[in-house]
Amino acid sequence: MKIKEKIVLAYSGGLDTSVIVKWLQNELNFEVITFTADLGQGEEILLAKKKAKLLNIKNIFVKNLKKEFIKNFVFPFLRSSSTYENNYLLGTAIARPLIVKELMKISYYLNTNYVSHGATGKGNDQIRFELGFKYFNPKIKIIAPWRIWNLNSRNSLLNFCIKNNIKFDSKTKKYSIDKNLFHNSYEGGNLDNINYEPDEPMWEHTLSNYNSLDYPIYISLTFKNGDPIKINNKNYNVEELFLKLNNLGSIAGIGRLDIIENRLIGIKSRGCYESPGASIIMYARKKLESLILDKEIYSFKEEIALKYSKLVYNGYWWSPERILLQKIIDYTQTSINGIIKLKIFKGQINIASINSINSLFNSKNSSFDEISNLFNQSDSSGFINIKSLRLII
(Lines of atoms letter the chains of each structure in order from A and count residues from 1; the text may use other names and numbers.)
(Lines give C-alpha, C1' and ligand atoms only; values in the text may rest on other atoms or scores of the structure.)
Protein backbone atom coordinates (compact mmCIF):
# COMPACT_ATOMS: atom_id res chain seq x y z
CA MET A 1 0.00 0.00 0.00
CA LYS A 2 1.38 3.39 -1.02
CA ILE A 3 2.28 5.67 1.88
CA LYS A 4 0.29 8.90 1.80
CA GLU A 5 2.16 12.16 1.33
CA LYS A 6 1.77 14.63 4.18
CA ILE A 7 0.60 18.18 3.57
CA VAL A 8 0.35 21.08 6.03
CA LEU A 9 -2.74 23.26 5.53
CA ALA A 10 -3.24 26.79 6.88
CA TYR A 11 -6.60 26.04 8.49
CA SER A 12 -9.09 28.65 9.70
CA GLY A 13 -11.99 26.34 10.52
CA GLY A 14 -14.22 28.07 7.99
CA LEU A 15 -16.22 26.51 5.18
CA ASP A 16 -13.49 26.88 2.54
CA THR A 17 -10.61 25.30 4.44
CA SER A 18 -12.87 22.56 5.87
CA VAL A 19 -13.82 21.57 2.32
CA ILE A 20 -10.15 21.76 1.35
CA VAL A 21 -9.26 19.24 4.08
CA LYS A 22 -11.67 16.64 2.71
CA TRP A 23 -10.79 17.46 -0.91
CA LEU A 24 -7.07 16.95 -0.23
CA GLN A 25 -7.87 13.67 1.51
CA ASN A 26 -10.29 12.29 -1.07
CA GLU A 27 -9.13 13.70 -4.38
CA LEU A 28 -5.35 13.86 -3.90
CA ASN A 29 -4.93 11.17 -1.23
CA PHE A 30 -2.99 13.38 1.21
CA GLU A 31 -2.58 12.95 4.95
CA VAL A 32 -3.65 16.44 6.00
CA ILE A 33 -2.01 18.25 8.91
CA THR A 34 -3.75 21.45 10.01
CA PHE A 35 -2.19 24.58 11.47
CA THR A 36 -4.30 27.33 13.02
CA ALA A 37 -2.62 30.54 14.21
CA ASP A 38 -4.26 32.28 17.17
CA LEU A 39 -3.86 35.97 16.34
CA GLY A 40 -6.80 37.10 18.44
CA GLN A 41 -9.79 35.58 16.64
CA GLY A 42 -11.41 34.61 19.94
CA GLU A 43 -13.76 31.62 20.03
CA GLU A 44 -13.02 30.83 16.38
CA ILE A 45 -9.79 29.14 17.47
CA LEU A 46 -11.53 26.54 19.65
CA LEU A 47 -14.11 25.96 16.92
CA ALA A 48 -11.36 25.39 14.36
CA LYS A 49 -9.72 22.77 16.57
CA LYS A 50 -13.06 21.06 17.12
CA LYS A 51 -13.83 21.01 13.39
CA ALA A 52 -10.39 19.60 12.57
CA LYS A 53 -11.06 16.69 14.95
CA LEU A 54 -14.42 16.04 13.27
CA LEU A 55 -12.57 15.84 9.95
CA ASN A 56 -10.40 13.03 11.39
CA ILE A 57 -7.20 15.05 11.37
CA LYS A 58 -4.53 13.24 13.38
CA ASN A 59 -2.03 16.09 13.62
CA ILE A 60 -3.73 19.34 14.66
CA PHE A 61 -1.49 22.28 15.46
CA VAL A 62 -2.84 25.42 17.15
CA LYS A 63 -0.48 28.08 18.46
CA ASN A 64 -1.07 31.27 20.42
CA LEU A 65 0.89 33.90 18.50
CA LYS A 66 -0.81 37.06 19.75
CA LYS A 67 2.19 38.54 21.57
CA GLU A 68 4.62 37.74 18.78
CA PHE A 69 2.14 39.15 16.26
CA ILE A 70 1.98 42.52 18.02
CA LYS A 71 5.65 42.74 19.05
CA ASN A 72 7.40 41.49 15.91
CA PHE A 73 4.96 42.32 13.14
CA VAL A 74 2.37 44.96 14.11
CA PHE A 75 4.65 47.32 16.04
CA PRO A 76 7.44 47.29 13.40
CA PHE A 77 4.79 47.96 10.76
CA LEU A 78 3.22 50.84 12.71
CA ARG A 79 6.67 52.44 13.18
CA SER A 80 6.78 52.85 9.41
CA SER A 81 3.67 55.12 9.37
CA SER A 82 2.57 53.12 6.33
CA THR A 83 -0.92 52.89 4.92
CA TYR A 84 -1.71 51.27 1.61
CA GLU A 85 -3.05 53.85 -0.87
CA ASN A 86 -3.23 56.40 1.99
CA ASN A 87 -6.00 54.44 3.71
CA TYR A 88 -5.60 50.81 4.61
CA LEU A 89 -3.62 49.79 7.71
CA LEU A 90 -2.88 46.33 6.26
CA GLY A 91 -4.24 44.23 9.11
CA THR A 92 -4.60 41.13 6.91
CA ALA A 93 -1.34 41.53 4.99
CA ILE A 94 0.70 41.91 8.18
CA ALA A 95 -0.69 38.66 9.63
CA ARG A 96 0.18 36.36 6.74
CA PRO A 97 4.00 36.34 7.19
CA LEU A 98 3.70 35.10 10.77
CA ILE A 99 1.22 32.37 9.80
CA VAL A 100 3.58 31.27 7.04
CA LYS A 101 6.63 31.27 9.34
CA GLU A 102 4.97 29.02 11.91
CA LEU A 103 3.42 26.74 9.28
CA MET A 104 6.80 26.22 7.65
CA LYS A 105 8.30 25.29 11.02
CA ILE A 106 5.76 22.46 11.20
CA SER A 107 6.52 21.46 7.62
CA TYR A 108 10.23 21.30 8.44
CA TYR A 109 9.66 19.42 11.71
CA LEU A 110 7.45 16.80 10.04
CA ASN A 111 9.56 16.73 6.87
CA THR A 112 6.65 17.38 4.51
CA ASN A 113 7.06 18.15 0.83
CA TYR A 114 3.70 19.89 0.47
CA VAL A 115 1.83 22.86 1.96
CA SER A 116 -1.58 24.33 1.17
CA HIS A 117 -3.76 27.37 1.81
CA GLY A 118 -7.37 28.44 1.27
CA ALA A 119 -6.80 31.69 -0.62
CA THR A 120 -8.66 32.18 -3.89
CA GLY A 121 -7.10 32.75 -7.29
CA LYS A 122 -8.40 36.33 -7.44
CA GLY A 123 -7.02 37.74 -4.21
CA ASN A 124 -3.79 38.94 -2.63
CA ASP A 125 -3.45 36.24 0.01
CA GLN A 126 -2.45 33.52 -2.45
CA ILE A 127 0.60 35.62 -3.30
CA ARG A 128 1.40 36.48 0.33
CA PHE A 129 1.24 32.83 1.38
CA GLU A 130 3.21 31.45 -1.52
CA LEU A 131 6.00 34.05 -1.53
CA GLY A 132 6.50 33.22 2.14
CA PHE A 133 6.44 29.46 1.53
CA LYS A 134 9.12 29.81 -1.13
CA TYR A 135 11.23 32.10 1.07
CA PHE A 136 11.44 29.48 3.82
CA ASN A 137 11.74 26.49 1.47
CA PRO A 138 12.35 27.14 -2.24
CA LYS A 139 11.71 23.46 -3.00
CA ILE A 140 8.34 23.23 -1.24
CA LYS A 141 5.39 22.08 -3.35
CA ILE A 142 2.25 24.18 -3.03
CA ILE A 143 -1.32 23.00 -3.53
CA ALA A 144 -3.73 25.90 -4.09
CA PRO A 145 -7.17 24.22 -4.41
CA TRP A 146 -9.03 27.31 -5.59
CA ARG A 147 -6.82 27.35 -8.69
CA ILE A 148 -7.35 23.64 -9.38
CA TRP A 149 -10.78 22.36 -8.42
CA ASN A 150 -14.18 22.97 -9.99
CA LEU A 151 -15.88 24.03 -6.74
CA ASN A 152 -16.28 27.62 -7.84
CA SER A 153 -19.30 28.79 -5.83
CA ARG A 154 -20.68 28.66 -2.31
CA ASN A 155 -23.43 26.28 -3.43
CA SER A 156 -20.87 23.87 -4.87
CA LEU A 157 -18.97 23.97 -1.57
CA LEU A 158 -22.16 23.26 0.39
CA ASN A 159 -23.04 20.37 -1.92
CA PHE A 160 -19.55 18.97 -1.38
CA CYS A 161 -20.13 19.18 2.38
CA ILE A 162 -23.41 17.27 2.11
CA LYS A 163 -21.84 14.61 -0.09
CA ASN A 164 -18.89 14.14 2.28
CA ASN A 165 -20.74 14.48 5.61
CA ILE A 166 -18.97 17.70 6.58
CA LYS A 167 -20.91 19.62 9.21
CA PHE A 168 -21.41 23.28 8.33
CA ASP A 169 -23.41 26.31 9.36
CA SER A 170 -26.35 26.43 6.95
CA LYS A 171 -26.92 30.11 7.69
CA THR A 172 -25.47 32.11 4.82
CA LYS A 173 -22.80 34.62 5.83
CA LYS A 174 -23.21 38.03 4.25
CA TYR A 175 -19.47 38.74 4.08
CA SER A 176 -16.04 37.16 4.04
CA ILE A 177 -14.56 38.12 7.43
CA ASP A 178 -10.95 38.09 8.63
CA LYS A 179 -10.20 38.81 12.29
CA ASN A 180 -7.12 39.36 14.41
CA LEU A 181 -5.99 41.67 17.21
CA PHE A 182 -5.02 44.30 14.66
CA HIS A 183 -8.31 44.51 12.77
CA ASN A 184 -11.51 43.06 11.39
CA SER A 185 -12.02 43.01 7.64
CA TYR A 186 -15.21 42.48 5.62
CA GLU A 187 -15.35 41.72 1.91
CA GLY A 188 -17.68 40.19 -0.67
CA GLY A 189 -21.43 39.71 -0.50
CA ASN A 190 -23.40 42.95 -0.62
CA LEU A 191 -20.16 44.93 -0.45
CA ASP A 192 -19.46 44.01 -4.07
CA ASN A 193 -22.18 46.55 -4.87
CA ILE A 194 -20.33 49.85 -4.39
CA ASN A 195 -23.64 51.66 -3.87
CA TYR A 196 -24.54 49.45 -0.92
CA GLU A 197 -24.17 51.09 2.49
CA PRO A 198 -22.99 48.51 5.04
CA ASP A 199 -25.60 47.69 7.64
CA GLU A 200 -24.71 48.49 11.24
CA PRO A 201 -24.66 44.84 12.45
CA MET A 202 -21.79 44.14 10.04
CA TRP A 203 -19.43 46.21 12.15
CA GLU A 204 -18.58 43.80 14.97
CA HIS A 205 -15.68 45.70 16.50
CA THR A 206 -16.67 49.39 16.65
CA LEU A 207 -19.68 51.53 17.48
CA SER A 208 -20.99 54.05 14.98
CA ASN A 209 -20.60 57.75 15.76
CA TYR A 210 -24.32 57.80 16.52
CA ASN A 211 -24.09 54.96 19.04
CA SER A 212 -20.66 55.73 20.50
CA LEU A 213 -20.16 57.45 23.84
CA ASP A 214 -21.67 60.91 24.24
CA TYR A 215 -18.62 62.16 26.12
CA PRO A 216 -14.91 62.21 25.20
CA ILE A 217 -12.34 59.75 26.52
CA TYR A 218 -8.88 61.06 27.41
CA ILE A 219 -5.98 58.66 26.94
CA SER A 220 -2.35 59.25 27.88
CA LEU A 221 0.11 57.15 25.84
CA THR A 222 3.79 56.79 26.72
CA PHE A 223 6.12 55.90 23.84
CA LYS A 224 9.63 54.46 23.92
CA ASN A 225 11.63 54.04 20.70
CA GLY A 226 8.46 54.49 18.66
CA ASP A 227 6.35 51.89 20.48
CA PRO A 228 3.61 52.52 23.07
CA ILE A 229 4.50 51.05 26.47
CA LYS A 230 1.99 52.66 28.86
CA ILE A 231 -1.63 53.74 28.90
CA ASN A 232 -2.47 56.41 31.49
CA ASN A 233 0.98 55.80 33.04
CA LYS A 234 0.23 52.09 33.59
CA ASN A 235 2.46 49.39 32.11
CA TYR A 236 0.91 46.67 29.92
CA ASN A 237 2.37 43.81 27.95
CA VAL A 238 1.95 44.25 24.21
CA GLU A 239 -1.14 42.06 23.94
CA GLU A 240 -2.90 43.72 26.88
CA LEU A 241 -2.01 47.18 25.59
CA PHE A 242 -3.47 46.49 22.17
CA LEU A 243 -6.64 44.97 23.64
CA LYS A 244 -7.08 47.99 25.92
CA LEU A 245 -6.74 50.45 23.04
CA ASN A 246 -9.05 48.35 20.88
CA ASN A 247 -11.72 48.49 23.58
CA LEU A 248 -11.33 52.23 24.18
CA GLY A 249 -11.30 53.02 20.48
CA SER A 250 -14.28 50.78 19.84
CA ILE A 251 -16.66 52.58 22.20
CA ALA A 252 -15.50 55.94 20.83
CA GLY A 253 -16.20 54.96 17.21
CA ILE A 254 -12.54 55.01 16.15
CA GLY A 255 -11.04 53.14 13.21
CA ARG A 256 -13.78 52.39 10.66
CA LEU A 257 -12.88 52.37 6.99
CA ASP A 258 -14.81 51.64 3.77
CA ILE A 259 -12.56 51.77 0.69
CA ILE A 260 -11.94 50.68 -2.88
CA GLU A 261 -8.42 49.26 -3.17
CA ASN A 262 -6.22 48.02 -6.00
CA ARG A 263 -5.26 44.39 -5.57
CA LEU A 264 -1.82 43.23 -6.65
CA ILE A 265 -3.23 41.35 -9.65
CA GLY A 266 -4.90 44.55 -10.91
CA ILE A 267 -8.50 44.02 -9.83
CA LYS A 268 -10.23 46.73 -7.82
CA SER A 269 -12.05 45.47 -4.75
CA ARG A 270 -14.04 46.92 -1.90
CA GLY A 271 -13.11 46.30 1.71
CA CYS A 272 -14.44 47.48 5.05
CA TYR A 273 -12.06 47.52 7.99
CA GLU A 274 -12.05 48.18 11.73
CA SER A 275 -8.74 49.03 13.41
CA PRO A 276 -9.50 51.05 16.57
CA GLY A 277 -6.32 50.37 18.56
CA ALA A 278 -4.00 50.59 15.57
CA SER A 279 -5.60 53.89 14.48
CA ILE A 280 -4.96 55.41 17.91
CA ILE A 281 -1.32 54.27 17.98
CA MET A 282 -0.66 55.44 14.43
CA TYR A 283 -2.12 58.88 15.10
CA ALA A 284 -0.27 59.36 18.39
CA ARG A 285 3.12 58.24 17.12
CA LYS A 286 2.92 60.38 13.96
CA LYS A 287 2.18 63.42 16.12
CA LEU A 288 5.24 62.63 18.23
CA GLU A 289 7.28 62.30 15.04
CA SER A 290 6.17 65.75 13.89
CA LEU A 291 7.42 67.14 17.20
CA ILE A 292 10.73 65.26 17.31
CA LEU A 293 12.07 64.37 13.87
CA ASP A 294 14.22 66.71 11.81
CA LYS A 295 12.43 68.10 8.74
CA GLU A 296 14.43 66.11 6.17
CA ILE A 297 14.29 62.87 8.16
CA TYR A 298 10.52 63.30 8.53
CA SER A 299 10.15 63.90 4.79
CA PHE A 300 12.39 60.97 3.85
CA LYS A 301 10.49 58.66 6.18
CA GLU A 302 7.22 59.64 4.49
CA GLU A 303 8.73 58.75 1.11
CA ILE A 304 9.91 55.30 2.15
CA ALA A 305 6.59 54.61 3.91
CA LEU A 306 4.96 54.46 0.46
CA LYS A 307 7.42 51.82 -0.72
CA TYR A 308 7.15 49.93 2.57
CA SER A 309 3.35 49.72 2.39
CA LYS A 310 3.45 48.32 -1.15
CA LEU A 311 5.99 45.68 -0.14
CA VAL A 312 3.84 44.52 2.77
CA TYR A 313 0.61 44.59 0.76
CA ASN A 314 2.19 42.67 -2.10
CA GLY A 315 3.57 39.90 0.11
CA TYR A 316 7.21 40.92 0.32
CA TRP A 317 7.55 41.03 4.10
CA TRP A 318 10.59 38.72 3.92
CA SER A 319 12.25 40.61 1.06
CA PRO A 320 15.72 42.15 1.61
CA GLU A 321 14.43 45.61 0.69
CA ARG A 322 11.65 45.49 3.32
CA ILE A 323 14.19 44.39 5.92
CA LEU A 324 16.53 47.22 4.85
CA LEU A 325 13.73 49.78 5.07
CA GLN A 326 12.83 48.45 8.52
CA LYS A 327 16.37 49.11 9.75
CA ILE A 328 16.18 52.69 8.47
CA ILE A 329 12.74 53.18 10.01
CA ASP A 330 13.81 51.75 13.37
CA TYR A 331 16.81 54.08 13.42
CA THR A 332 14.47 57.07 13.10
CA GLN A 333 12.43 55.78 16.04
CA THR A 334 15.22 55.81 18.64
CA SER A 335 14.26 59.40 19.51
CA ILE A 336 10.48 58.86 19.44
CA ASN A 337 10.07 58.97 23.20
CA GLY A 338 7.43 60.96 25.04
CA ILE A 339 3.93 61.23 26.40
CA ILE A 340 0.93 62.29 24.35
CA LYS A 341 -2.55 62.83 25.73
CA LEU A 342 -5.38 62.23 23.28
CA LYS A 343 -9.06 63.04 23.24
CA ILE A 344 -11.12 60.44 21.37
CA PHE A 345 -14.75 61.22 20.67
CA LYS A 346 -17.32 60.25 18.02
CA GLY A 347 -14.77 58.82 15.58
CA GLN A 348 -12.29 61.67 16.01
CA ILE A 349 -8.81 61.70 17.60
CA ASN A 350 -7.27 64.98 18.77
CA ILE A 351 -4.24 66.02 20.81
CA ALA A 352 -4.84 67.33 24.31
CA SER A 353 -1.13 67.65 25.20
CA ILE A 354 2.24 66.38 23.97
CA ASN A 355 5.69 66.28 25.60
CA SER A 356 9.09 64.80 24.79
CA ILE A 357 12.65 65.38 26.01
CA ASN A 358 13.66 64.99 22.34
CA SER A 359 11.31 67.70 21.08
CA LEU A 360 12.74 70.08 18.46
CA PHE A 361 9.90 72.53 18.96
CA ASN A 362 10.88 75.85 20.54
CA SER A 363 8.10 78.38 21.00
CA LYS A 364 10.57 81.27 21.07
CA ASN A 365 11.96 80.33 17.66
CA SER A 366 8.55 79.95 16.01
CA SER A 367 6.63 82.73 17.76
CA PHE A 368 5.77 86.00 16.01
CA ASP A 369 5.76 87.70 19.38
CA GLU A 370 9.24 86.85 20.64
CA ILE A 371 12.73 87.65 19.36
CA SER A 372 14.94 84.60 18.73
CA ASN A 373 18.71 84.54 18.87
CA LEU A 374 18.77 81.51 16.57
CA PHE A 375 19.04 83.61 13.42
CA ASN A 376 18.60 87.16 12.12
CA GLN A 377 15.31 87.57 10.24
CA SER A 378 17.02 89.78 7.68
CA ASP A 379 19.00 86.70 6.58
CA SER A 380 15.81 85.35 5.04
CA SER A 381 16.14 87.83 2.16
CA GLY A 382 19.28 86.14 0.84
CA PHE A 383 17.79 82.72 1.42
CA ILE A 384 14.73 83.63 -0.67
CA ASN A 385 16.90 85.10 -3.44
CA ILE A 386 18.84 81.82 -3.74
CA LYS A 387 15.68 79.71 -3.63
CA SER A 388 14.05 81.79 -6.39
CA LEU A 389 16.90 81.34 -8.90
CA ARG A 390 15.36 78.31 -10.63
CA LEU A 391 12.12 80.24 -11.11
CA ILE A 392 13.91 83.22 -12.65
CA ILE A 393 16.37 81.49 -14.98
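The backbone N, Cα and C atoms fix where each Cβ goes, and this holds for glycine too.
Look at Swiss-Prot and you will find ALA10, TYR11, SER12, GLY13, GLY14, LEU15, ASP16, THR17, SER18, ALA37, GLY118 tagged as ATP binding site, backed by sequence analysis. Sequence-distant neighbours of GLY14 (ATP binding site) (same chain, six or more apart, CB under 8 Å from its CB) are GLY118, listed in sequence order.
What Swiss-Prot lists as L-citrulline binding site is TYR88, ASN124, ARG128, SER176, SER185, GLU261, TYR273, and the listing cites sequence analysis. Within the same chain, residues at least six positions away from TYR88 (L-citrulline binding site) with a Cβ under 8 Å of its Cβ are LEU257, ILE259, GLU261, GLY271, TYR273, TYR313.
Per Swiss-Prot, L-aspartate binding site is recorded for THR120, ASN124, ASP125, and the stated evidence type is sequence analysis. Of all the Cβ atoms in the protein chains shown, 16 others lie within 10 Å of the Cβ of THR120 (L-aspartate binding site).
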Subject >> Maximal Cα-Cα distance (Å) across residues annotated as binding L-citrulline, namely TYR88, ASN124, ARG128, SER176, SER185, GLU261, TYR273 >> reply: 19
**OP:** Consider the binding-site residues ASP125, ARG128, SER176 and say which one has the Cα lying nearest the Cα of SER18 (ATP binding site).
**Re:** SER176
Subject >> Other CB atoms within 10 A, centred on ASN124 (L-citrulline binding site) >> reply: 21
Original post:
Cβ-Cβ under 8 Å from ALA10 (ATP binding site), same chain, 6 or more residues apart: which ones?
Top reply: THR17, PHE35, ALA37, ILE99, VAL100, LEU103, VAL115, SER116, HIS117, GLY118, PHE129
Subject >> ARG128 (L-citrulline binding site) and SER12 (ATP binding site), distance between Cα atoms, whole Å >> reply: 16
